[in-house]
Amino acid sequence: MTEMSFLNSEVLAGDLMSPFDQSGLGAEESLGLLDDYLEVAKHFKPHGFSSDKAGSSEWLAMDGLVSASDTGKEDAFSGTDWMLEKMDLKEFDFDALFRMDDLETMPDELLATLDDTCDLFAPLVQETNKEPPQTVNPIGHLPESVIKVDQAAPFTFLQPLPCSPGFLSSTPDHSFSLELGSEVDISEGDRKPDSAAYITLTPQCVKEEDTPSDSDSGICMSPESYLGSPQHSPSTSRAPPDSLPSPGVPRGSRPKPYDPPGVSVTAKVKTEKLDKKLKKMEQNKTAATRYRQKKRAEQEALTGECKELEKKNEALKEKADSLAKEIQYLKDLIEEVRKARGKKRVP
């Protein structure tokens, strides 16, 4: 009896923890684990569950879950019929069981999409060979020991929790009665930003939709895997051709700094002005020297002519003086001759 109750509690714990376990997904895996539990049950000693114990059980509050056997002489499968029946999980008090008094209400759509997100990011982790990104624990205050009770849970029963008032006003009323192997399709309009608390890579997906990407798969990669894959790196795929180093120039050599263009232009202008000024000064010097030489030559010529004329004038003066002397001498001579004739006439 103790072994079967332990098996019952273990299966029920697996049922409750399977929505948060990524390894317990899929109907075929659940059925295979169910067969394993049945094989284990064969080795146990057959015991029957009385209807009184089944009615007073805190875990199973249903009268038809266990078939009563008073004799205890049936086979090993007589007490495992309850495993094939459907159970109504609404009767269980999960808040008291898992100590979730302060846990906020979770939307029903997030519980349904949790399995899809696990299947979506599982192949990405295997391809990139990176550590899986740390996801936020949707059960805020659950201890780690309770979460890792059973890594291979056989069933995936989901209990619809009451939604928040703001979420109920914007989404239609869905009555979830999920069975084994059922699929849930949720439109994009029903998905609210609340899913960012459970999926840490939603902001990266939104950024990838804004910028054009090379792949049309629509899967957003994690930052670790994004850095790991060279074909999706933004530095190599969107780098401008100017930023790539030329093959002729080595990477270590840097271009030498040149003078600013303004300084070189002003220096050229200054040198040109200085050259023009020097040329003009030289031209003025040559012109002045030529002018002085010309004036000097003219002056020398004038002085030479003046000297010659002065010499002629002096010569003429001397000649005039000599003539004047001769005239005076002749006058004196004529006067003496008159006087002498006059004396001769007067006796």
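The backbone N, Cα and C atoms fix where each Cβ goes, and this holds for glycine too.
Predicted, not measured: the structure shown is a model, and the values here were computed from it.
Positions annotated as compositional bias 'Polar residues' by Swiss-Prot: 228-238.
Summarising the annotation, Swiss-Prot assigns SUMO2 cross-link to K256 (among others).
Under the DSSP three-state reduction, K268 (SUMO2 cross-link) is assigned to helix. The SUMO2 cross-link annotation in Swiss-Prot covers K268 (among others).
Feature annotation from Swiss-Prot assigns domain 'bZIP' to 274-337; the stated evidence is sequence analysis.
Marked as phosphothreonine by Swiss-Prot on the basis of similarity to another entry: T211.
Annotated phosphoserine per Swiss-Prot: S213 (among others), in sequence order, evidence recorded as similarity to another entry.
Under the heading phosphoserine, Swiss-Prot lists S217 (among others).
According to Swiss-Prot, the phosphoserine annotation covers S222 (among others).
The phosphoserine annotation in Swiss-Prot covers S229 (among others) and rests on similarity to another entry.
Residues or ranges marked as phosphoserine by Swiss-Prot: S233 (among others).
Residues annotated as 4-hydroxyproline in Swiss-Prot, with similarity to another entry given as evidence: P234.
Residues or ranges marked as phosphoserine in Swiss-Prot: S243 (among others).
Sequence annotations record features per position, and here Swiss-Prot assigns phosphoserine to S246 (among others).
Marked as N6-acetyllysine by Swiss-Prot on the basis of similarity to another entry: K307. DSSP classifies K307 (N6-acetyllysine) as helix under the three-state reduction.
The region 'Disordered' annotation in Swiss-Prot covers 202-296.
Annotated region 'Interaction with GABBR1' per Swiss-Prot: 301-337, in sequence order, evidence recorded as experimental evidence. Mapped onto DSSP classes, the region 'Interaction with GABBR1' (301-337) shows 37 helix, 0 strand, 0 coil.
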